[in-house]
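A.B. asks: Quick one: structure below, then a few questions.
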Amino acid sequence: MPVMKGLLAPQNTFLDTIATRFDGTHSNFLLGNAQGHRGYPIVYCSDGFCELTGFGRTEVMQKNCSCHFLYGSGTSEQVSQGVEKALESKEEYQAEVQFYKKNGSSFWCLLDIMPIKNEKGEMVLFLFSFKDITETKDKSHHSSRTDELISEFLCSHSLICASLPQDMFEKPSLPEYKVAAVQKSRFILLHYSVSKALWDWMILLATFYVAVTVPYNVCFTAYSDLETAGRSTIVSDIAVEMLFILDIILNFRTTYVSQSGQVVYEPRSICLHYATTWFFVDLVAALPFDLLYAFNITVTSLVHLLKTVRLLRLLRLLHKLDRYSQYSAMVLTLLMSMFALLAHWMACIWYIIGRKEMETNANGAWDIGWLHELGRRLDKPYFNSTVGGPSVRSAYIASLYFTLSSLTSVGFGNVCANTDAEKIFSICTMLIGALMHAVVFGNVTAIIQRMYSRRSLYHTRMKDLKDFIRVHRLPQQLKQRMLEYFQTTWSVNNGIDVNELLHDFPDELRADIAMHLNKDILQLPVFDGASRGCLRSLSLHIKTTFCTPGEYLIRQGDALQANYFVCSGSLEVLKDNMVLAILGKGDLIGSDLPGQNHVIKTNADVKALTYCDLQYISMKGLSDVLELYTEYASIFTTDIHLNLTYNLREGSETEVRLSLNTHTVFTCIVNQKHSLSLSKLSHQN
């Protein structure tokens, strides 16, 4: 049973993990580069930090993570030296420090510095945590005596702690900065696994069993030996009930694909998703009515009537029909099965009509119903209207024969309608048969093409892609990247080419649609000064793209073709395998406009850490729009530097700042080596 697997590539979810871990306590944190020869620049700052300090993200990025821009007259020199020492020695550090916001107001915070390692055990990042303790600090000024007692207690407590195992007081381990494998409980069932596919086939067969037996038992069992008929299928009925109950349990532990295409492994999310979708339907369909036999309770036709709620399981089947749509033979089989199932249900109704006609006219003067005619032809007539007659098996076969002949043609006539009720039902059957015959048999090819044309196009393109990979013998890693990119982009746009779709629409309408589709990037501060006409022109040049984990969006030294806006996911900016910046949702990366006939070369690599959705506007398109709106061009040229999270242009202020930091550190190292050499010479003399 083919299903959509979802996005399965391992991702570097470090940024999401850190943000989630701090959520609910204090989401004020910075990430700094721990590779010292770059001057410890800030590579990421949280929204909480920006709200706490008043600084914008673009103002903070690439500054030294020692946070000198927060220092003021009240900042302790001892704390400043402690921070510098912790950065140089790559050690943890914690202190209470007085910082100053952008507006000059002071605040107290608990500063916590924690080194972050990669999968090789190398220190690559510093995590700076800022917890606002201003209110607590203000209260502490009125309880100095209490502080003295607490300090005495802490001194004695530290002596006790020294004798205890060290690991009792260690902080919870921080996540590593690496591509992490998917963490899945051993009790979570993958929705695309072979075992789940086999289980789904078993549930499908059980659903068809219920759809056949429940109407039969409701209509025919009531007129046979109840004890014998009821217990003849008791084993199979209870087995089906157990299957449905077990299926409910498994659904609470089965992964699913979210709307964004991600595979959800978290047990709590799985339970909530199932409980809000199909749980109620499955629960009602799994009620164990057949356990009444186990307690020797008399089973009447009412119990069989209650079992009709199990037909709700057919809703699940209709929901999953698209899984079979890529196979024409499977589609035809399912259509024929549904046609036969409809004939079976109508045969049950046809038999009930005949029995009710006999019971209504039980005085013996009425013997023209189809059951009386069948009894006379089989030499098994009815006595006193309801006694005797053909067996239930013969009556069911005759009913099914009549409904199938009526649905597929006009009937042969050996089983015919005689009473008014039978004739009305026959008319309804013929009308339904004409519709089913035209829809199912007359237009099967048209139905498949109309209902599954998009999916057929998907499988055609997927087959072409696989043939291309096989012919050119591409390596497995490259093959996986191509397949994931194709599947993901298809899930986003469903194979619809937006430009082709909107080509015939008027420019006014296309511009309005483009502004709606690209409203996130157009809400950036850099576009605040643009007129509506300018924004409409810009929106027509904005495109979307997608990156998988580990994919390089930009390579160092390449010509920069566009400015990119991160809609979702996270990326890292690398130079010489050093992390210069980590980009998240809402960040803008690229460059200012080049000069006339000038090509911008990038100064770093940009690599995706997770699945990323991006919007971008080409440099050429941006230049064309600014040439039309010259009054906004000067504003854009000035503001773009303030809105770029990282400037990729060679020779930009960001790169110069990094080069100066590198040069400063290098000079310090050279000076230290020179001083050591002089001291050794003087000592020898």
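Glycine is no exception: its Cβ is also placed from the backbone N, Cα and C atoms.
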A.B. asks: Please find, within the list 148-168, 295-315, 547-567, the residue stretch that TrEMBL describes as transmembrane segment.
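C.D. replies: That would be 295-315, per the transmembrane segment entry in TrEMBL.
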A.B. asks: Ranges 229-250, 625-646: which does TrEMBL label transmembrane segment?
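C.D. replies: Among 229-250, 625-646, the range TrEMBL annotates as transmembrane segment is 229-250.
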A.B. asks: Using DSSP, tally how many residues of the domain 'PAC' (93-145) sit in helix, strand and coil.
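C.D. replies: Its residues divide into 9 helix, 31 strand, 13 coil.
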A.B. asks: Residues sitting near the transmembrane segment (327-353): Cβ under 8 Å, six or more positions beyond its termini, same chain?
C.D. replies: 208, 211-212, 215-216, 218-220, 321, 370-371, 395-396, 399-400, 402-404, 407, 421-422, 425, 429, 432, 436, 440, 444, 448, 452
A.B. asks: How does the model score the domain 'Cyclic nucleotide-binding' (526-626) in terms of mean pLDDT?
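C.D. replies: That stretch averages a pLDDT of 87.
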A.B. asks: Residue counts in helix (H, G, I), strand (E, B) and coil for the domain 'Cyclic nucleotide-binding' (526-626), per DSSP?
C.D. replies: 18 helix, 44 strand, 39 coil
